[in-house]
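J.: Take a look at the following structure, please.
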Amino acid sequence: MAPTYTNSNGCPIPDPFASQRVGQHGPLLLQDFNLIDSLAHFDRERIPERVVHAKGAGAFGYFEVTDDISDVCSSDFLQSVGKKTKAFVRFSTVGGEMGSADSARDPRGFAIKLYTDEGNLDLVYNNTPVFFLRDPTKFPHFIHTQKRNPETHLKDPNMFWDYLTANEESAHQVTVLFSDRGTPRSFREMNGYSGHSYKWSTKDGKWVYVQVHLISDQGNHTLTNEEATALAGTNPDHAMEDLFKNIAKGNAPSWTMYIQTMTSEQAKQAPFSVFDLTKVWPHKDYPMRRVGKLVLNENPKNYFAEVEQAAFAPAHTVPYMEPSADPVLQSRLFSYADTHRHRLGTNYTQIPVNCPVTGVYNPHQRDGHMTVNGNLGSAPNYHSKLRTDIEYKQFSIQEDQEVWNGAACPFHWKATDAEFTQATALYNVLAKYPNAQRNLAHNVAVHASGAEPAIQDRVFAYFTKIHPDLGAAIKKEVLELSPRK
Ligand code: NDP
Ligand code: HEM
């Protein structure tokens with residue numbers, strides 16, 4: 001049935017553009033609810049953008065289990081080969097604002113919501129397997145240096161390199177970022193990684209640490225620094241457009257999910273900590289095991305409703321998938337739901353894109369702004385013994401998995417020269433790809449040439465620790481681009 005044009009209380013209005021005036025050209029009347037309400041609603045259209053990952057694109061699809069991994073994890077959605085679970089994915093850049101360019105040199109967010117029969121599972125990943133830090137207290141400091149200078153409101157290469165070179169555990173992620181993978185050609189053509197170690201367990205009480213990889217079935221394709229810079233001017237929304245148009249024409253992108261696993265005994269022997277987000281698990285020591293496929297085949301119908309209001313949180317998990325003690329992950333368990341309450345409101349899980357398909361019975365969480373789901377009607381608003389019809393599903397939760405012991409003390413996980421080992425391994429991997437080492441040096445040099453000489457010197461020293469050839473190549477090009485007097 002064709003809708004009748006109305007104002008916001010449903011009252012039909014014959015001409016939405018008409019405003020009530022005294023005579024045709026006299027002053028307006030306060031009684032004109034259509035005009036007042038339209039302007040007032042418009043004034044409130046904006047909600048806070050995400051403090052990081054503000055610019056992004058999303059799509060719906062599904063996750064399908066292709067391989068039996070029931071020996072590793074008893075989560076319901078993984079229990080039978082062929083089982084499909086509805087998914088929503090949001091890709092993003094990190095440092096820029098809502099209108100910033102998709103081609104920026106930046107990690108890409110790869111956030112997945114799986115609407116499982118045991119509640120929503122959010123896999124809030126990036127397109128790089130490591131991160132800039134392993135002390136969560138550093139996160140706001142670090143992000144500020146990648147955003148705008150408080151005085152000039154400009155991006156600032158001095159802040160950028162001052163922070164990174166003073167916090168050398170960043171070296172591995174910085175090497176990934178300044179390789180050509182720092183400027184993916186599209187969201188379709190990049191991988192996703194859990195980064196953190198998670199803990200997956202089974203009903204019989206076994207558990208392992210897990211790293212998750214989503215390898216693009218479209219392959220990894222990247223932009224050069226110059227192509228990325230040009231695209232920022234000609235089509236700052238190129239990745240968003242690429243995703244939407246490919247899905248619209250039936251070219252559904254997909255990723256194959258793999259896991260690496262490690263027992264607690266293996267973790268004690270590993271030459272790195274499984275809680276160190278700046279390290280990967282070498283493939284040869286911890287082989288990849290295939291799990292399933294993620295397919296994106298449906299565009300959102302409304303960007304604001306479904307993409308902007310999507311709320312992903314590492315704390316949104318399902319039975320038999322747990323966080324590890326990685327301190328950055330532990331902090332993220334708090335931070336995301338906190339920001340959703342601020343950005344979207346207390347009842348953000350009632351927004352359809354965030355709503356578990358299983359329904360929610362959580363009777364003490366009631367009221368609050370924008371309660372739109374019936375508010376559990378007349379059910380008691382506390383955990384009541386009077387209610388005898390409620391089911392309490394039992395799981396063999398692994399309460400004694402790990403025993404922690406020690407004094408409560410402040411600890412700063414400071415960098416040592418060991419931080420450079422895996423960055424050096426990556427530099428050696430790049431030797432296998434044409435021009436990859438040269439592009440890494442060039443991409444750093446173009447960026448660092450904007451910094452002051454004293455900070456440039458720290459950049460040379462930092463990359464020399466990864467490889468002397470890399471440090472020398474960066475120094476040579478920086479001094480050509482920004483000659484010293
Ligand atoms: P391998 O030789 O087994 O693997 C090297 C991996 O490097 C490839 O599988 C590919 O990962 C990845 N790679 C290729 N080009 C780039 C790039 N420009 N930026 C980032 N990654 C790239 O080696 P190891 O497992 O021993 O790891 C060596 C180094 O490879 C690590 O220090 C790390 O920097 C990098 N790497 C390792 C990963 C891991 O989980 N072990 C994952 C990603 C990178 P992919 O197959 O995921 O595309
Ligand atoms: C978004 C905090 C590290 C991946 C966000 C947001 C916050 C945040 C506040 C905005 C969320 C929103 O408004 O909805 C943090 C903190 C971190 C951290 C405090 C470390 C202490 C990481 C890491 C990863 C990651 C290590 C990846 C492994 C993402 C992604 C998004 C995001 C993908 C975008 C989610 C979306 O598309 O809505 N982060 N983050 N973050 N973060 Fe982090």
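Along the chain as shown, residues are numbered 1 onward.
Note: Cβ is positioned from N, Cα and C throughout, glycine not excepted.
Since we're looking at a predicted model, the values are computed, not measured.
From TrEMBL, for reference:
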ACT_SITE  His53  active site
ACT_SITE  Asn126  active site
BINDING   Tyr336  heme binding site
DOMAIN    6-390  domain 'Catalase core'
J.: Return only the integer: C-alpha distance in Å from Asn126 (active site) to Tyr336 (heme binding site).
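T.: One finds 15 Å between the Cα atoms of these residues.
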J.: In this structure, which of the recorded positions His53, Asn126, Tyr336 has the fewest other Cβ atoms within 10 Å of its Cβ?
T.: Tyr336
J.: For Tyr336 (heme binding site) and His53 (active site), what Cα-Cα distance in Å is obtained after rounding to a whole number?
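T.: Cα-Cα distance, Tyr336 (heme binding site) to His53 (active site): 12 Å.
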J.: For His53 (active site), which DSSP three-state class applies?
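T.: Reduced to three states, the DSSP call for His53 (active site) is coil.
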J.: May I ask you to report the DSSP-based helix, strand or coil state of Tyr336 (heme binding site)?
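T.: SS state of Tyr336 (heme binding site) = helix.
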J.: Give the mean pLDDT for the domain 'Catalase core' (6-390) on the 0 to 100 scale.
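T.: Averaged over the domain 'Catalase core' (6-390), the predicted model reaches a pLDDT of 97.
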